[in-house]
Amino acid sequence: MFVIKRNGYKENVMFDKITSRIRKLCYGLNTDHIDPIKIAMKVIQGIYNGVTTVELDTLAAEIAATCTTQHPDYAILAARIAISNLHKETKKLFSEVMEDLFNYVNPKNGKHSPIISSITMDIVNKYKDKLNSVIIYERDFSYNYFGFKTLEKSYLLKINNKIVERPQHMLMRVAVGIHQWDIDSAIETYNLLSEKWFTHASPTLFNAGTTRHQMSSCFLLNMIDDSIEGIYDTLKRCALISKMAGGIGLSISNIRASGSYISGTNGISNGIIPMLRVYNNTARYIDQGGNKRPGVMAIYLEPWHSDIMAFLDLKKNTGNDEHRTRDLFIALWIPDLFMKRVKDDGEWSLMCPDECPGLDNVWGDEFERLYTLYERERRYKCIIKARVVWKAIIESQIETGTPFILYKDACNKKSNQQNLGTIKCSNLCTEIIQYADANEVAVCNLASVALNMFVIDGRFDFLKLKDVVKVIVRNLNKIIDINYYPIPEAEISNKRHRPIGIGVQGLADAFILLNYPFDSLEAQDLNKKIFETIYYGALEASCKLAEKEGPYDTYVGSYASNGILQYDLWNVVPSDLWNWEPLKDKIRTYGLRNSLLVAPMPTASTAQILGNNESVEPYTSNIYTRRVLSGEFQVVNPHLLRVLTERKLWNDEIKNRIMVDGGSIQNTNLPEDIKRVYKTIWEIPQKTIIKMAADRGAFIDQSQSMNIHIADPSYSKLTSMHFYGWSLGLKTGMYYLRTKPASAPIQFTLDKDKIKPQVVCDSEICTSCSG
């Protein structure tokens, strides 16, 4: 039996050679648990005549990955095999890879079709010796197997469908794409990215340095006008943004309701549902980022709109397809008055914006005055109990996980962009709160800090966190200036207001590394101090940039220009970790370069790349299933697996018990200290999660993607959570509602072959916000 080598030559299969290759990659791993011969034997079983060495490496990596539940070092070995394979298939020098990408010729038409931009190529040519010399390829081997596979699938650039970039090449491309001729800053950014201190958002990783360097994640639009022209002009904007890999939030509260008169045609409106069907089909038609993910939009509506009940049914699995838009996400922009009426079991008037104009343009007391005026003038379409609408909201959430909920008054009251006008919607992932109008499309550029990295020698390094945040602020400001904007209205907005969004990933990992239970007082205190540090560092860096380049155009009249920062709007006094008053004085003197700074986003894909838990979330399970080409296998929380292995507590019985219990360790006989630290989201009081969101909210000047997890949701449970979040002043009340399946098959045995652990969804619904 023979294999085909990379050079095309045939060679007889040699077991010892396969074993030797695997053994070479086991350096530094626990040899008591890692068995190269076992891996090699399984590889031999999968061999066929004419198999390539590339295919052998791929198989060996997958086999090693399937052994991860035996020892965490198998995951490292799997990644090393896969990355070593890539290194053998790609050029080493960064400059040569960039040349290949620039010199690409389309094989179908013979035309020069560069993948990277001419300016990127010019910079690389000028500084190639320096750039080539600072890249450290060993850092590629720090990715775990699934992080690397995520990069391989969507992030590393290809020529004729063959990957040509290594992870380090990608990171240097991103750094050079952002900083261009400022080569020292590019190298600083490269090192921080490759050491995993932070990551830029997916669109930045996809597109930095390329010919279409669209690096922004989020776009927020208002419907231009309640007319055919306005609706279709807005649709075109959405299509152009979606084409360039942007996630969209769209407010439609100004579109007239069904049954309303249309004076131009002397007809009757069909309302928002047929219009949204058109938007739904546009989202389906456009594949963002060259099939890296499908087009996605979140549609925002205020609950006084008389089409609200039909809107709440849009994503349901049953019902007439003519009244469904299952490819759009639905979201509510809820005024406080509605919550008060629900709380008091009051009546609620449903209105048409054509007959009751201006409700979407006002908030707070002004909204209440206008709304109650329209009620007194009997301009409403109908009156129903507020709780009827509320019940429909809860039912939709239990069935579909949506609508997302944001509180209009909190979003406007606590926004540093309040001086611009009324904010009417958020984005696709509910963490961006920015002003938009008919002439401006709000944009946000994102990055996320890997909090686990800052746990050094058993303590959290706040000073290092602040320093990294300051680099991120400088980077995101450069992105604003050099970005390719899909539409001019987005460029106008972004350069006037200069908002950015700094988020986090690995909060749960940081707590685990410090041995803090997620719901402990220590974790709750650290949660506040982390976000206080991020906000402080971001303000400090933005003020420094303003000193050099001037404040953003619309700074005058903002809260910050009057010495009011986010925590002041929450009536919170910061800790004594940082000295706030001198910073406020500096801001009064020089201003800020950015209107907004902090926005914890979901980090779905980038957290997987870096091997961290997502965003600010606790772990949802301690064991889950991954799907690969060779089949399915189980992955255990790596922190748990390591501690159990070190304490000689890991065995098949424990593994099977965790699988039977859906990823929980609470029913095992493990020590109590381990049980406390490794609680899943389902075992942590949801009100603690919401309280921690409010605690950090005082230092988040945008908002945060906050999911609500209720294993078995009911009207009363979900209502209680929503009203608790609203009462604490949250801007985002809920991103998704996450639930457990209604029933699970009865487990009659602990036989691992008969146990179905939680399957991780590999959907990339919100890659655009994965910072």
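Easy rule for this one: first residue shown is 1, then count along the chain.
Glycine is treated like the rest: Cβ placed from N, Cα and C.
Annotated features, as they stand in Swiss-Prot:
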type	residues	note
DOMAIN	1-92	domain 'ATP-cone'
BINDING	Lys5, Arg6, Glu11, Asn12, Val13, Met14, Phe15, Asp16, Lys17, Thr53, Asp57, Lys88	ATP binding site
BINDING	Ser202, Ser217, Asn427, Glu431, Thr603, Ala604, Ser605, Thr606	GDP binding site
BINDING	Asp226, Ser227, Ile228, Lys243, Arg256	dTTP binding site
ACT_SITE	Asn427	active site, proton acceptor
ACT_SITE	Cys429	active site, cysteine radical intermediate
ACT_SITE	Glu431	active site, proton acceptor
Cβ neighbour count (within 10 Å, all chains shown) around Arg256 (dTTP binding site): 22
Spatial neighbours of Ser217 (GDP binding site), counting only the binding-site residues Val13, Phe15, Lys17, Asp57, Ser227, Arg256 and Cα distances within 10 Å: none
Least buried by Cβ count (within 10 Å) of the recorded positions Ile228, Cys429: Ile228
Lys17 (ATP binding site) and Ser202 (GDP binding site), Cα-Cα, nearest whole angstrom: 39
When distances run from the Cα of Glu11 (ATP binding site) to each of the binding-site residues Lys243, Arg256, Glu431, Thr603, the nearest one: Thr603
For Phe15 (ATP binding site), the one of Asp226, Lys243, Cys429, Thr606 that lies nearest, given that the recorded positions are compared by Cα: Thr606
Whole-number Å value for how far Val13 (ATP binding site) lies from Glu431 (GDP binding site) (Cα to Cα): 54
Distance, Lys17 (ATP binding site) to Asn427 (GDP binding site) (CA atoms, angstrom): 53
Rounded Cα separation (Å) that holds between Lys17 (ATP binding site) and Arg256 (dTTP binding site): 72
DSSP-derived class (H/G/I helix, E/B strand, else coil) of Ala604 (GDP binding site): helix
Site with most surrounding Cβ atoms, counting all protein chains shown within 10 Å, from the binding-site residues Glu11, Asp57, Asp226, Glu431: Glu431
Least surrounded among the binding-site residues, given as Lys5, Lys17, Lys243, when other CB atoms within 10 Å are counted: Lys5
Cα distance (Å, whole number) from Ser605 (GDP binding site) to Lys5 (ATP binding site): 33
